[in-house]
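First comes the structure, then the notes that go with it.
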Number of protein chains: 2
Amino acid sequence: MRTHYCGHINASHIDQEVEICGWVHRRRDHGGVIFIDLRDREGLVQVVYDPDLPDIFAIAEQVRNEFVLKVRGRVRARPEGTVNPDMPTGEIEILGLGLEVLNRADTPPFQLDEHERVSEEVRLRYRYIDLRRPEMQKRIMLRAAVTRALRSYLDDNGFLDIETPMLTKATPEGARDYLVPSRTHPGHFFALPQSPQLFKQLLMMSGMDRYYQIVRCFRDEDLRADRQPEFTQLDIETSFMSENEIMNAMEEMIRGVVKQVLDVDLPDPFPHMTYQEAMRRFGSDRPDLRCPLELVDVADLMDGVDFKVFSGPAKDPKGRVAALCLPKGCELTRKEIDEYTKYVGIYGARGLAYIKVNDWSGQGRDGLQSPILKFLPDEAVNGIMERTGAQDGDLIFFGADKASVVNEALGALRVKLGEDRGLMQPGWHPVWVVDFPMFEWDEGADRWNALHHPFTAPKEDQLDLLESDPGACLSRAYDMVLNGTEVGGGSIRIHNSAVQERVFRLLGIGEEEAEEKFGFLLTALKYGCPPHGGLAFGLDRLVMLLAGAGSIRDVMAFPKTQTAACMLTAAPSEVSPAQLRELSIRVRTPKAEEQG
Amino acid sequence: MRTHYCGHINASHIDQEVEICGWVHRRRDHGGVIFIDLRDREGLVQVVYDPDLPDIFAIAEQVRNEFVLKVRGRVRARPEGTVNPDMPTGEIEILGLGLEVLNRADTPPFQLDEHERVSEEVRLRYRYIDLRRPEMQKRIMLRAAVTRALRSYLDDNGFLDIETPMLTKATPEGARDYLVPSRTHPGHFFALPQSPQLFKQLLMMSGMDRYYQIVRCFRDEDLRADRQPEFTQLDIETSFMSENEIMNAMEEMIRGVVKQVLDVDLPDPFPHMTYQEAMRRFGSDRPDLRCPLELVDVADLMDGVDFKVFSGPAKDPKGRVAALCLPKGCELTRKEIDEYTKYVGIYGARGLAYIKVNDWSGQGRDGLQSPILKFLPDEAVNGIMERTGAQDGDLIFFGADKASVVNEALGALRVKLGEDRGLMQPGWHPVWVVDFPMFEWDEGADRWNALHHPFTAPKEDQLDLLESDPGACLSRAYDMVLNGTEVGGGSIRIHNSAVQERVFRLLGIGEEEAEEKFGFLLTALKYGCPPHGGLAFGLDRLVMLLAGAGSIRDVMAFPKTQTAACMLTAAPSEVSPAQLRELSIRVRTPKAEEQG
């Protein structure tokens with residue numbers, strides 16, 4: 001129906017007759033002539049209708065925004081002074097010789113240029129209009145380009161694209177499952193996968209050697225922050241590869257993708273950082289290396305001071321006292337400091353002590369300014385100044401609490417300060433975080449939790465720690481972090497059924513529960529399981545980062561709201577009693593509930 | 001961990017030291033030497049351990065089938081007389097210099113070579129062992145190669161890979177939905193998609209222009225024949241393209257894929273055949289063109305005969321009387337004919353009349369043999385002989401009944417005869433079936449049904465027939481048929497809301513129901529919908545055909561049984577009362593049922 005996309009026409013087509021199809025982006029009448037910007041996926045082009053062709057001109061007069069048109073015309077250079085250098089097609093215009101209205105359009109609920117004036121709810125309800133915005137189209141196209149580049153690398157490197165079931169057994173990831181009632185097995189339910197973790201391990205036991213899948217996963221969680229009930233994972237598993245071989249392949253893949261879609265060179269190789277170092281320097285296991293600020297430990301300087309806020313955590317083996325020096329921080333107003341104090345409060349910090357370095361004498365408190373100075377002996381002050389390397393004009397923040405609180409609070413503060421104070425380095429800063437602990441102690445539940453998942457292998461020389469000192473046992477897990485976001489994570493898996501049983505036991509998964517939930521895995525491990533490992537990337541988040549979008553909703557065609565509803569189709573919805581009867585379930589109404 | 005795949009080692013590696021990993025396919029002790037066939041995804045290779053290295057030999061003595069090994073060794077030519085020309089690695093063997101048992105294996109529930117001795121149930125329960133069979137691995141690899149080739153064509157031709165939701169609204173395809181209770185909206189349910197039909201149409205309204213997705217679809221049907229509750233579709237939609245442009249692109253894609261994975265050239269172009277011609281000549285809208293047999297209409301010869309079995313259907317406008325000539329059919333025994341009579345009975349035929357052409361005189365009944373000849377005047381006999389072109393030795397079968405019964409019965413019989421009698425042409429015979437009716441009359445429900453789906457556009461010059469003669473109205477649908485299997489089907493869609501409303505009305509979908517189910521589509525059609533169309537391929541079935549497999553289960557990694565259960569993970573399963581309470585549902589037990 002057309003010879004070109006609108007957005008592809010340029011000066012090389014001058015004097016050619018072209019046919020294009022698209023949407024009316026805007027229409028202007030100017031000097032007795034009608035200008036139509038016609039839009040398709042590839043861009044906009046200006047079409048001009050003049051009254052010399054009265055029949056066609058009459059049609060052109062009737063078109064409105066978002067009408068779908070088929071245009072025939074001749075490409076010509078724009079008259080001098082009307083060239084638009086901001087548009088790829090801005091050197092030319094099309095003199096309209098034919099015009100067909102393929103479809104009319106009612107006045108849309110919002111104009112594309114004015115999407116910011118309407119709520120996100122309206123944009124989601126009329127998603128097909130919102131998606132026509134060039135910005136949204138570019139994001140969806142970028143996503144397709146990213147998946148293509150990922151697949152291309154994996155296909156070229158012997159990874160097999162293999163599909164795993166969606167109707168499956170409740171998965172062990174720990175989040176809440178979406179359930180699907182079975183009609184043929186009354187009272188029984190499938191679960192939608194939280195990830196294909198066990199299936200991909202079974203594929204390694206099946207001898208598939210290298211597997212990948214771009215796969216939908218489901219978690220029925222409360223949608224705090226930027227989450228979606230269904231999301232997409234690039235899921236990967238390999239046999240007979242060490243963690244370093246896997247990490248090298250994966251960063252090669254990501255380097256290739258970023259080069260291809262953004263023409264940016266990522267570092268080669270990516271730096272590696274232990275979990276311990278990441279927590280110590282950045283208070284986070286997904287450090288944003290764009291920010292030059294770092295935490296500095298000062299507990300040893302504080303354990304004797306007469307200031308319990310500091311000395312308490314300094315003496316507590318689970319405590320931490322750390323300093324964060326902000327260059328030129330003396331510029332902060334009292335009000336700004338108060339706001340940062342509130343900000344760290346979100347993360348549980350009960351205050352935010354600081355020292356202003358006005359004009360330090362090089363010794364003791366002279367030239368420093370802070371309500372806490374009176375508590376600190378000169379020795380401690382000198383130590384702080386030396387370790388933070390603070391210069392005149394700087395400000396030093398302090399965190400003192402349980403280590404987890406200090407890490408979360410100062411870890412978040414350093415990134416916020418980096419952003420607020422323009423300290424963030426440009427560009428892309430990937431890092432592999434490695435040597436994670438196997439387990440973390442859950443105070444509330446009074447038991448060990450797997451930091452990654454229960455199938456993650458411990459370091460081979462630390463097997464004994466599984467029983468003797470679980471908290472010290474490190475895992476063979478690795479996370480890829482990009483600009484402070486965890487884009488992927490994985491591990492070498494346990495391939496020995498005895499070790500798997502020991503880990504289950506440590507996690508408080510009894511023999512019966514292990515058999516019921518994971519019996520098929522434990523059995524499979526006994527029939528010739530190769531050493532294997534892999535990882536999964538959060539595709540939505542990766543694309544969001546690369547697209548510079550603010551939310552994963554902006555890189556999904558049809559996202560759901562924060563209450564897990566689809567505004568466009570009005571899902572979920574009620575269904576007929578007959579359908580429920582076939583599935584052997586009934587709705588539990590509050591009324592029936594009251595009646596017991 | 002390795003330098004090569006087992007299956008890749010050949011004479012070019014002689015004298016090299018290699019490291020390989022894999023499974024013990026079989027182990028033989030022969031002449032004081034141990035032979036191990038080591039297997040990985042890429043094939044088998046023979047490793048030889050001799051007693052010169054006693055430590056290693058001792059390990060080799062302990063390995064059993066399906067142990068996972070790491071082998072170091074030197075490649076050497078096999079001694080003369082022991083070369084195995086049937087194995088790609090059959091010219092060489094590896095002299096083992098190192099051996100590490102990476103994992104042990106219990107005696108597997110079945111040996112790979114003996115999979116045919118165990119039930120499919122056992123093979124599905126231990127799918128990870130069944131999938132190690134080289135035949136299964138080749139199928140899974142072929143599937144990956146097919147999807148890669150499909151994606152590659154689509155990516156190269158401007159189709160965008162876009163994901164659509166899995167948690168969505170009940171879809172209108174007519175089959176039973178899988179439902180997912182919503183936790184955040186008590187009493188409300190998502191449905192898993194039967195296809196992304198409406199979303200892909202909405203993507204066209206979003207200006208995405210060309211879309212594709214390899215996507216899981218769900219139908220909660222009774223699994224007669226070779227169906228699965230979840231299956232995979234290659235889903236495609238385009239804007240501003242005619243049906244011929246779409247068909248040309250799609251056959252180009254399929255030609256490319258078949259060339260790439262099987263090195264076979266499909267015809268260019270594919271032949272087109274109208275629905276009417278397909279039914280007339282082959283009794284089916286998915287004609288298997290490998291079979292040269294064709295149906296021949298003879299109703300006009302029979303409408304006056306004194307044999308109600310023939311004259312009744314001949315005079316009935318909904319009846320059909322057809323002949324099917326089987327070359328050399330006189331060879332059929334009485335018993336064989338009886339079996340074919342039973343066979344057509346499956347399709348509702350109440351008998352299978354026939355004429356044996358023993359030695360025809362060229363006129364009348366002389367030399368023919370049949371119980372029905374006495375009812376047929378010479379004129380009818382001569383007409384039959386002329387139209388079927390029957391030769392001496394042939395046998396002519398007859399079908400006379402409602403057209404639908406004759407078509408089903410003789411349509412199936414011609415393929416069965418073709419297979420039984422060795423008449424099937426070799427190779428691949430694609431055909432586009434076009435010009436389908438829009439609607440078929442549902443006798444039982446006393447209303448019109450959409451032959452494809454309610455969004456299929458009628459021929460542009462037949463819009464008036466929507467009300468005046470719906471049965472005569474043809475659609476802009478097209479099916480791609482390959483060797484008697486429908487591999488893909490699609491249509492140009494309705495892009496005009498008034499036409500869509502007329503079709504809903506004709507299908508008995510009232511205004512209220514249309515608004516509730518499809519309101520968002522009808523609204524979207526009013527805001528600038530481009531002309532669009534597309535199609536969907538059944539990926540499982542396409543791969544099954546290309547792999548020469550007997551069932552779609554053979555080209556899926558983890559299929560379900562005929563009762564929609566997963567033998568491997570034991571899904572579906574019971575869930576905790578707490579989970580159900582969170583979802584505001586309860587199981588309807590038979591006992592509760594009795595109590596009302």
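Even glycines carry a Cβ here, placed using N, Cα and C.
Nobody curates TrEMBL annotations by hand; they come from automatic prediction.
Copied from TrEMBL, the annotated features are:
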BINDING   A:GLU173, A:ARG219, A:HIS452, A:ARG493  L-aspartate binding site
BINDING   A:ARG219, A:ASP220, A:GLU221, A:GLN228, A:GLU486, A:GLY538, A:LEU539, A:ASP540, A:ARG541  ATP binding site
DOMAIN    A:142-559  domain 'Aminoacyl-transfer RNA synthetases class-II family profile'
REGION    A:197-200  region 'Aspartate'
SITE      A:HIS30  site 'Important for tRNA non-discrimination'
SITE      A:GLY81  site 'Important for tRNA non-discrimination'
_DSSP-derived structure type at A:HIS452 (L-aspartate binding site), helix or strand or else coil_ = coil
*By a simple count, how many Cβ atoms lie within 10 Å of the Cβ of A:GLY81 (site 'Important for tRNA non-discrimination'), its own Cβ left out?*
5
*Where A:HIS30 (site 'Important for tRNA non-discrimination') sits in the secondary structure, as DSSP reduces it to three classes*: strand
*Of the recorded positions A:HIS30, A:GLY81, A:ARG541, which sits closest to A:ARG219 (L-aspartate binding site) by Cα distance?*
A:ARG541
*Secondary structure at A:ARG493 (L-aspartate binding site), reduced by DSSP to three states*: strand
_Rounded distance in angstrom between the Cα atoms of A:GLU486 (ATP binding site) and A:HIS452 (L-aspartate binding site)_ = 13
*To what whole number does the mean pLDDT across the region 'Aspartate' (A:197-200) round?*
96
_Taking 10 A as the limit, how many CB atoms besides its own sit near the CB of A:HIS30 (site 'Important for tRNA non-discrimination')?_
8
*Can you check what DSSP calls A:ARG541 (ATP binding site), collapsed to helix, strand or coil?*
helix
*Separation of alpha carbons, A:ARG541 (ATP binding site) and A:HIS30 (site 'Important for tRNA non-discrimination') (Å)*: 45
*For A:GLU486 (ATP binding site), what is the secondary structure by DSSP, using just helix, strand and coil?*
strand
_Residues satisfying Cβ distance under 8 Å from A:LEU539 (ATP binding site), sequence separation of at least 6_ = A:ARG143, A:VAL146, A:THR147, A:ILE214, A:PHE231, A:THR232, A:GLN233, A:LEU234
*How long is the line from the C-alpha of A:ARG541 (ATP binding site) to the C-alpha of A:GLY81 (site 'Important for tRNA non-discrimination'), rounded to the nearest angstrom?*
44
*Counts by DSSP class (helix H/G/I, strand E/B, coil) across the region 'Aspartate' (A:197-200)*: 4 helix, 0 strand, 0 coil
*Let me know how many other Cβ atoms fall within 10 Å of the Cβ of A:ARG219 (L-aspartate binding site).*
21
*For the ATP site as recorded (A:ARG219, A:ASP220, A:GLU221, A:GLN228, A:GLU486, A:GLY538, A:LEU539, A:ASP540, A:ARG541), determine the largest distance between any two Cα atoms, in Å, rounded to the nearest integer.*
21
_Cβ-Cβ distance under 8 Å to A:GLU221 (ATP binding site), same chain, at least six residues away_ = A:ALA175, A:ARG176, A:ARG227, A:PRO229
_So if I measure Cβ to Cβ from A:HIS452 (L-aspartate binding site) and keep only same-chain residues at least 6 apart in sequence, which ones fall under 8 Å?_
A:PHE436, A:SER475, A:ALA477, A:GLY489, A:SER491
_Within 10 Å of its Cβ, which one of these binding-site residues (A:ARG493, A:ARG541) has the largest number of other Cβ atoms?_
A:ARG493
*How many Å separate the Cα atoms of A:ARG493 (L-aspartate binding site) and A:GLY81 (site 'Important for tRNA non-discrimination')?*
66
